[in-house]
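Chemist: So TrEMBL says this about it:
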TRANSMEM  B:20-39  transmembrane segment
TRANSMEM  B:60-81  transmembrane segment
TRANSMEM  B:101-122  transmembrane segment
TRANSMEM  B:129-153  transmembrane segment
TRANSMEM  B:165-196  transmembrane segment
TRANSMEM  B:271-290  transmembrane segment
TRANSMEM  B:323-346  transmembrane segment
TRANSMEM  B:358-383  transmembrane segment
TRANSMEM  B:395-412  transmembrane segment
Amino acid sequence: MSDAPILTVEHLMMRFGGIVAVNDLSFNADRRKITALIGPNGAGKTTVFNCITGFYRPSGGAIRLNHDDGRTIHLERLNDFRISKQASVARTFQNIRLFPGMTALENLMVAQHNALMRASGLTVLGLIGAPSWRSAERAAIELARTWLARVGLLDRADDAAGNLAYGDQRRLEIARAMCTEPTLLCLDEPAAGLNARESGALNELLLSIRAEQGTSILLIEHDMSVVMEISDHVVVMDYGVKIAEGTPQAVRDDPKVIAAYLGADEDEAIAVMEKAN
Amino acid sequence: MSVTPATSSHTSQPLGSAFILKKALISALVALVLFSLMIGIRTEAGNQGGLIYWTRFGDLATMVGVVFGGSIIVELLRQWFGPVETDKVVPKPVRAAMSFVGHWLAPALLAFALFVPVIFYHQRYILDLAILVLTYVMLGWGLNVVVGLAGLLDLGYVAFYAVGAYSYALLATNFGLSFWVCLPLAGILASFWGVLLGFPVLRLRGDYLAIVTLAFGEIIRLVITNWQSLTGGPNGVSGIPRPTLFGIPLDNSDDGLAAKLGIEFSPTHRLVFLFYLILAMALLTNWVTIRLRRLPIGRAWEALREDEVACRALGINTTTTKLTAFATGAMFGGFAGAFFATRQGFISPESFTFQESALVLAIVVLGGMGSQLGVALAALAMIGGFELFRGFDQYRMLVFGMAMVILMIWRPRGLVGHRAPTVYLERSEAISSDLVKEGHG
């Protein structure tokens with residue numbers, strides 16, 4: 001068990017043609033901690049996420065994942081499905097991406113694809129119904145059942161994912177990501193569209209995932225009640241660069257952050273703050 | 001000026017028998033007005049240039065009656081099955097009957113298929129037709145893996161059918177290999193071509209994928225037509241050996257099956273054998289597909305159809321997943337092709353035109369993408385129906401086009417549109433077709 005940060009982003013750069021979406025961004029995400037990435041709309045948060053999870057190949061910089069077992073994986077060299085398969089980084093999406101025509105249980109079974117593929121002997125053992133495959137399948141269903149219970153969807157297990165309520169879909173997507181047994185869980189706006197009660201439940205879920213699974217969490221969020229309550233470390237971005245970083249309290253009181261959110265000058269922001277206090 | 005909720009629900013909800021009767025009466029009245037002049041009175045120029053006319057009230061009454069009855073039937077159908085986005089009010093007995101039929105249809109069809117050669121032993125034509133239908137059932141089930149499960153639109157499926165047929169034909173005529181040796185080889189070769197096609201098209205989606213697969217189908221056909229030295233070009237390959245019952249030929253020679261069993265030889269024996277052969281092959285295809293759906297690979301195919309981006313985020317290698325879908329579908333196509341070659345005894349490129357691809361795709365789409373029973377029913381309707389209308393040669397395509405349009409309005413997701421879950425905790429409930437995605441290619 002090393003104390004090195006789980007994720008180290010160094011001088012990350014992402015260009016789309018002439019537009020620089022992320023410029024020289026460096027930050028760490030600590031092991032078994034919840035790191036929040038915040039910033040106004042268009043600050044480049046989701047672009048950072050897409051670089052980390054392999055949907056974009058960064059134009060420059062390094063993203064290192066330091067595993068518990070001491071392996072260091074350069075995420076910028078992996079792409080596509082390998083990030084999840086080899087580096088065990090899981091993610092959710094800002095606009096929920098479940099498999100709507102499959103049941104909640106099936107969604108969680110698909111998430112265990114790689115483990116089940118090995119167990120089914122690349123389909124051969126599964127086709128002949130070998131006992132080793134049967135027991136692996138039962139174990140996979142058990143894991144799925146555990147996660148359905150954790151997110152409170154056990155009674156909806158056999159319902160189509162597309163038929164679930166919005167908040168339930170959000171939680172199912174987190175459960176699906178957790179079924180890949182990740183070391184780093186990346187959540188893109190998990191509280192978007194949730195009401196106060198639901199986002200409270202989300203906070204508890206994320207804290208319990210950190211405590212029980214020891215999973216490190218990186219999240220993008222607009223809902224400040226989530227960010228301020230559960231995150232251990234906050235990184236603030238604006239126009240593709242990092243403008244502040246620190247504990248939730250420190251960031252909340254940073255004039256640069258307030259200026260970025262209010263779209264005002266720093267001096268004006270300080271004035272606003274003083275008035276508020 | 002406020003619209004009461006009662007009025008709005010009044011218009012959207014289908015009503016009882018009074019409403020149906022009223023609607024039918026109005027339709028009949030309109031028909032009466034229209035037809036009274038068109039059918040009721042007939043005029044003609046008389047001998048002296050004068051106008052003579054006579055009435056045909058009998059015909060008129062028949063037509064109006066037909067419109068009246070038809071209107072009632074259409075309205076009932078609309079309320080019970082309904083096109084999409086209408087409320088469906090199905091009376092309980094009808095619903096119970098439909099669920100009963102849904103439950104027992106597949107076993108009944110299978111039992112019937114097993115006895116077809118017994119029932120129609122003396123009707124060669126029907127046996128031939130049954131073999132043809134089963135060939136298309138098998139092709140439909142094979143393509144269903146690619147289109148229905150993985151959601152990849154393949155317009156060149158006939159290419160794999162052709163590869164299978166020519167594999168058997170050439171291996172058997174040149175090297176004297178038996179059908180049972182060539183059958184797996186034909187499947188392997190076809191799936192090899194499936195993988196070869198898969199590689200370049202993996203990056204493509206939707207319409208682009210469809211166009212490339214269409215082109216691939218044409219390329220295979222053109223290569224077969226022009227590679228005269230190997231395939232005989234447009235003349236085809238003839239003298240393809242007939243299948244044997246594990247080495248015992250089904251002919252009237254001294255070591256034929258009839259002679260060995262000491263019964264009188266009849267050409268029907270071979271037909272019956274071919275029928276059970278294709279039935280076994282089709283059922284094998286079905287069994288493997290059903291089995292694959294419950295394995296991680298099959299779930300990955302369906303997940304790919306639902307959302308490719310999410311698949312990648314879950315660590316699923318979309319490239320190999322698509323390739324396996326192509327290869328599996330192609331393999332079944334290859335098996336069917338080998339069967340086609342041995343049944344015909346002669347093959348030429350003419351049998352592998354785009355029309356065949358379109359026909360098989362139509363079977364899959366009409367059947368309900370992903371549904372095994374639906375595909376079988378659609379193959380029966382398409383191929384059997386086509387033969388049924390052979391008498392009205394000119395109108396065959398017209399009737400068929402109309403039937404398809406009506407079916408697509410009534411059941412846009414095919415005959416059996418819903419999806420059965422592959423795994424469940426408490427209860428297995430069919431998933432409505434509204435939720436299931438078609439895939440983006």
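Placement of Cβ uses the backbone N, Cα and C atoms for every residue, glycine included.
Just so you know, TrEMBL annotations never went through curation; they're auto-generated.
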Chemist: Three or more CB pairs closer than 8 Å, sequence separation of 6 or more: does that hold for the transmembrane segment (B:271-290) against the transmembrane segment (B:165-196)?
Modeler: no
Chemist: Could you tell me whether the transmembrane segment (B:358-383) and the transmembrane segment (B:101-122) are in contact, taking contact to mean 3+ Cβ pairs under 8 Å with a sequence separation of 6 or more?
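Modeler: Yes, the transmembrane segment (B:101-122) contacts the transmembrane segment (B:358-383).
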Chemist: For the transmembrane segment (B:358-383) and the transmembrane segment (B:129-153), does the number of C-beta pairs under 8 Å, pairs 6 or more apart in sequence, reach 3 or more?
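Modeler: These two stretches do touch.
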